[in-house]
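In what follows, a structure is listed as structure tokens, so that the remarks can point back to it.
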Amino acid sequence: MTRTEAGGPVPPAPAPLLELRGIAKRYGGVRALEGVDFTCRPGSIHAILGENGAGKSTLIKIMAGVVQPDEGEIRLEGERVRFAGPAAASRAGIVAIFQELSLVPDLSVADNIALADPPRRFGLIDRRAQRQRARAVLARLGCEDIDPGMRIKDLPLSRRQMVEIAKALALKPRLLILDEATSALTAADVERVFRLLRELRREGLALLYISHRMHEIAALADTCSVFRNGRHVATFPQGSRSGREIVRLMIGRDITQVYPPKPERPQPVPPCLEVEGLGWEGRLNDLTFRVGRGEIVGLGGLDGQGQRELMLALFGVLRGLSGTIRLEGRELALTGPAQAKSPACGMALVPEDRKTEGLLLPMTVRDNLSLAALPRLSRAGVVDRDRENEAVAAMIRRLRIKLGDPADPVATLSGGNQQKVVLGKWLMTGPRLILLSDPTRGIDVGTKQEIYALMRELADQGAAILFYSTDYDELIGCCDRVLILYDGRIVRVLEGAAITEQNIVASALNLGEVAA
Amino acid sequence: VLGLSTVLAALPAAAKPKVVQGPGYLPACFKPWSEQTKFFQWEAKPGPYRIALVNGFVGNTWRIQMIQTAKAFAEQPGIKDKIKEFKVISTGTDAAAQLGAIEDFINQGFDAIVTIAVSPEGFDRVIRLADRNDVVIVPFDNVLDTDAVMQVNEDQLEMGRMSARFLLKELGDKKSGKILEVRGLPGNSVDRDRHLGFREVMGKEAPGFEIVEIVGNWDDGTAQKATADALAVHNHFDAVFTQGGSTGTVRAFLDAGHPMVPMAGEAENGFRKLIAQYKDKGLKGFSYGQSPGLAAISMKAAIAALEGNKMPQLVSVPIPYADYTTLEDGKNYWSNLSDNFFTPNEFPPCDVNITAVEIMGKTSENVK
Amino acid sequence: MTRTPKLAADDRPILIASLFVLVILALGSGYTLLTQGSLAFLTPTYLLQQLQVAAFLGIVAAGMMLVILLGHIDLSVPWTLAAGAMMATAVGGPLALPVGVGVGLFVGLLNGLGVAYLRVPSMIFTLGMNAVLRGLMVMHTGGFAPQTHATELMAWLATGRLLGLPMALLVWMLLSALMVLLLQRTVFGRYVYAIGNREAASYLSGVPTRAVLVGAFVLCGGCAALAGVLLAGYSTKAYQGMGDPYLLPSIAAVVIGGTHILGGRGRYAGTVVGTVLITLLSSVLSVMQMAEAGRQVIYGLVIIVMLLAYGRTQKLQA
Amino acid sequence: MRALGNALGRHLGLTLAVLLFLLFYGVYNLFHPKGFTTAVLIQNTNESFALVMAAMAQTVPVLAGGLDLSVGAVMTMVNCLASYLLAGSPAAMLGGVLVCLAAGALAGFLNGCVVVYGRLQPIVATLATGAVYLGVALWLRPTPGGAVDQDLAWALTNDLSELADTYGWLDGETAWFQAIAWLPVPLLLMILVVLLVWLPFRETVTGRTVYAVGSSEPAAFMSGLAIDRARLAAFTLAGFLAGIGGLYLAIQTSSGNADVPQAGAYTLNSIAAVVIGGTSLLGGSGGAAGSLVGALVIRAISFNFRIFDVPPLVQPLFEGIVLLAAVSLGAGRVFRVKNRLQLMT
Ligand SMILES: Nc1ncnc2c1ncn2[C@@H]1O[C@H](COP(=O)(O)OP(=O)(O)OP(=O)(O)O)[C@@H](O)[C@H]1O
Ligand SMILES: Nc1ncnc2c1ncn2[C@@H]1O[C@H](COP(=O)(O)OP(=O)(O)OP(=O)(O)O)[C@@H](O)[C@H]1O
Ligand SMILES: [Mg+2]
Ligand SMILES: [Mg+2]
């Protein structure tokens, strides 16, 4: 039985397809889920809302048999079931599209779409049939432009996500789950997907939709459920609650003054970074902008519009750049991060994916924190243990990193604290230009506030900050200016009062002035 | 075998060498292995000939010295004008590659192929092809377990026997105690034969000795380590029989401060140096040797066969040896040269007169 | 949590391996007791002698460990070792040692450049390098009748004694001390572990990854050549193929020592223990006059059993 | 057409390998007095067969993301086993062949078990099992020897007409037979192995899973693929193919030889062949057909030493340099990649 709160009875609905009762899941000390009851019914789109780390993905991984619950039971049409793995779940008609893409890069689109059980003749895979199947599903998604013969690794991110959806469709699901599956889609694709989902709803599928984008949920969902640190707090018909109420349910309190105040500063600020006509491989096109000292400049737009490439380009990772980059007046031609971080340049990059690009998970917190600053913590190539320990301890105190011992593997830290370690690693080098790539991803609201405060503090101390975020709320709250990227171009620059949700969304989807 | 005959029936008449009565050609050089040894005779072919040397493994001094000798011999007056083309290749320790190379040279129409077999088995196919195409194949050093081809070698069994007899002679009336036997490469037929010969005599004439066996792989380092271990455990040996890596064995005795004892070993220059140096301290040394000159003798045999002479199926090359009484610096060892090369190289009866020094002592010019 | 659990994880292999060393000694002693009525394996003479011999393998393994910690491997060790030794003896005189080791460093440099800059898989590049070196040495011996006698210094370093300890052992101990310093205390060492864990993350943290890769291969080549020079001193001469018995044992020693073959984890002490284990094992089997077949099987089983005993469930994907 | 360009780019490695082979082999045949004749082809294919099998065997585990250092050992073990079983009545020989193939597959399966259930890294696991298999080989054949039926040996190492003659099948006259009579049996066997073993395997779900695991294990898991089964299958197939190699080696040399250095050489060459054949050592892309070509390239290099007058003591160096150059061909990538992160694999 799903709990419902006073206010609007749940409309009479068909028998539940999938029921979860008293589900609990722990990861080591972490309570990912606790006593969760949850129901989803055929013919409806059910949205799940919640802060990062609220347990949404875990819930879904349990439904899809990716992880096993520690407690509780799952009933499929009343029958008690237990899914050994994703295969078992999809046989039962439960198919999930996960946050982390589940496509095999070296195989073709057709191969991937038919990966789990391809059409066979005499036990061998029937490539023609497979190709036809792929065409059919892609056509249904309105993606005739994707060649089934292409390898996944040769497709752009947005195309891959469409293939991911196609792959799920091909399994003929009865319950289809999308976990932030639209985060990287272009406006047109999002529309296509929505049309498709509504169609599927008509056909009587049960749909679970997870997104951090309120407007998408408003546009799509029939029912909403809110999760907060591992608990199911409410389920209600979409539209029966205001955005503010929902946020309160999600966070457990009103967000009061999440963001530090933006200081008024004399214009123009002294320039730190000046970029002119920057281009790369058609993924970055003629970018021109400047970031002043003490300024926080936001990078907006949908995921995968070149923000990541821009960061890497500035940090000297990309080859074959066109245009000019000037740092503190001097023109730069960087050979790589080693040079970028050198005191001469004083740059720092907090990369997008902390687990693969930011951290050395099995190594200790100490080793991770001091990695970038080692040269200045050593004499003649020999690490000065005492200075290292002091510096590390100081950074741990400054960022209030919660840990047992600096000698623990960083993997044992929480997502938020892991992210703090990445930040700390770079603060140790005393950077003057800080590139932040979605630094608050997968981080709880408390930590977020600390990070916002930290950013402003650094800016006030004279650092220039380039700040990419997928969460436009952050951009609004933190940035003095916001550059909206679309297809590797700056489509709009928002300043001061103009930095609003409508403007950001509109220009991100590249819809001109139309509000989302 | 039975199958063979049926195949041969299916083949165009294969021109096998005729089996004939002795005596053979130039017996001083091509000594039949035994009375039972049969004689081969091929159709005489007009020279000059195309000859290939198909070597296997190349990464050790003996093989390099062998190749150098063969090349020098091919240039020697009296031989040079009989050879139109002389090609040398090393296939590495890969039976398939070696057989392939031999077959390739048969296809290329070479007249004779001298070779050191990677494995004593498995030549049936190439032998058959050689017979069909009137090609003379002459395995030497590592010979084949067959009597279908002419082969050239020293008697490995005899080497073992000689060593045993020498040690017993030196041990005089001592009839019991411990003797160390340092063996060669496991699985190799040469190692097997030398071992059997040694054991045969020891078993017959002095069963009282306990023989401790270790593996030295014909490699100085390995032999040295293994010997050192054996010494540490057994403390004392009365005599030693070692198959190559001989210097390593002596070194181990020196390092362990073990008194020098009678020792039979290979013909590395280094071993003979040590014998000369320590003979007064009790290193009553005996040094027999597998001569890299075998290559030259085999080439000569091949040419003789092509010229239509009667050849023994198995040519026994006398074993060159020296002991602590007969060593002479600059004659059968060279105190000023590298340890690694093998002293016996020339063999006058076959007018193979290229000394080890000429081969391994000469410096840089022709790096071929 | 405190350090202990993490340490335990890395120390486990070292402990198990050490225990196994004792087991080998016990079994060997049992054998000698029955056959000789002596406990030869427990005498200082024998043990010191084993350590002396282990030194050669240990020095090779030290270099190999650096490369493996980076998630790479160096298959050119055998002929780097031989080349170092042969060049040293060929030059002779006071220059022998520096030249020999120099050859190794240079080979390592080439390996490093191929792996770090051309990004050819080390497994393959070093394999080719090994073949090239063999070719060069064959030409060298065949063409130039080189002097192969080890110099006094080389001989002394390998077989001499100081305070009753074999010099080779002392050299190994000195090198080990340097290795520990390098891995535990220096920036380079920290970078090695970092790259071994995740090259991309290290690179983005401003670690000069290519320089570190090259450096590690250079050191590995240097170690191999040094071992070659000592080995030449041990048997008073350099000769073809003297390195062949060192490739697989050195890898085995590193792995048995608990170093993760995919890099990033492993402690130097483990490599030392692994080296001793391998050396003792082969010595005992040799004394027992075990047939070649038996040895091969035992080597294989020992490695498997040890690794299973470490019970490290590792991600299978590099 | 974009797809075509894609296909070519995807098989760049293989394309290069084919060109290399055509170069080396073409030159060899041009200068060979009997170039482009069956005799030469028979000899070349005979010589290459074992290495080709070793290379194809190596490919499968590599595709799944792990090396198999026991390929040469398994081959040697089966070779020694076969040297006992390939004589006597036709039935007995057939039985022997089956036993040998089974033995190879079993060895491979054991490798798989150690890797999958023992959770050991393939490299070290197979390094160890390889030693064990060599031990077994040495136990089977302490010294080289054995007897293999002469007819069998002769028939399988020649062209089809000899095969027919030997067993008096359709007295070689039949027209259609004449057309193919020149085909060397080993060449035919290679083609058959590719057509009947490799291609079908690649088209099974398990084979597809092998690629998926090598390309991205998490994705494979998320897609609900049977990862462990794929790994087991990969190593088993490797053992099976290595077994075929060993079996043929026995037929070719009509004996068994537990040659340890030879086993090592085959393992290392198989890896080189895989790389030259365009398979990524990281797994996920490539194929056994490429490795076949890779192996032929390696063989073709040494063929040329028999034609051209390279001083014997320079040959090893020459061989080494060519090998080094061949495996370094892939390095071109380094200069094309525009995002340095992609070089970090
Ligand atoms: N692999 C894991 N190991 C340990 N703990 C985990 C793991 N994955 C998730 N967790 C824990 O479970 C909690 C819920 O994670 P989950 O990914 O379900 O949150 P979420 O709601 O999906 O967040 P997001 O909005 O970022 O996707 C997290 O706070 C985390 O602490
Ligand atoms: N490899 C790991 N070992 C131990 N604990 C882990 C590991 N990975 C995650 N955790 C636990 O999970 C929490 C953080 O995990 P994770 O980063 O997945 O949460 P998250 O906020 O959902 O991040 P994301 O949404 O990006 O997956 C921490 O509390 C940590 O204890
Ligand atoms: Mg999450
Ligand atoms: Mg999630």
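For all residues, glycine too, the Cβ spot is worked out from N, Cα and C.
Per TrEMBL, these features apply:
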- C:14-34: transmembrane segment (TRANSMEM)
- C:54-73: transmembrane segment (TRANSMEM)
- C:85-110: transmembrane segment (TRANSMEM)
- C:122-142: transmembrane segment (TRANSMEM)
- C:162-183: transmembrane segment (TRANSMEM)
- C:211-234: transmembrane segment (TRANSMEM)
- C:246-263: transmembrane segment (TRANSMEM)
- C:270-291: transmembrane segment (TRANSMEM)
- C:297-313: transmembrane segment (TRANSMEM)
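Three or more CB pairs closer than 8 A are found between the transmembrane segment (C:85-110) and the transmembrane segment (C:211-234), so contact between the two stretches is assigned (pairs 6 or more residues apart). Contact counts against the transmembrane segment (C:211-234), taken as Cβ pairs under 8 Å, peak for C:54-73 among the stretches C:14-34, C:54-73, C:122-142, C:162-183, C:270-291. Here the transmembrane segment (C:122-142) does not touch the transmembrane segment (C:162-183). Their Cβ atoms form fewer than 3 pairs under 8 Å, with each pair 6 or more residues apart. Among the stretches C:14-34, C:162-183, C:246-263, C:270-291, C:297-313, the one making the largest number of Cβ pairs under 8 Å with the transmembrane segment (C:54-73) is C:246-263. Residues 40-42, 256-258, 267, 269-270, 273-274, 276-277, 280-281, 284, 287-288, 302, 306, 309-310 of the same chain sit 6 or more residues outside the transmembrane segment (C:14-34) yet have a Cβ under 8 Å from a Cβ within it.
Ranked by Cβ pairs under 8 Å to the transmembrane segment (C:270-291), the stretches C:162-183, C:246-263, C:297-313 are led by C:246-263. Same-chain residues lying 6 or more positions outside the transmembrane segment (C:297-313) and placing a CB less than 8 Å from one of its CB atoms are 12-13, 16-17, 20, 252, 255-256, 258, 260, 281, 285, 290.
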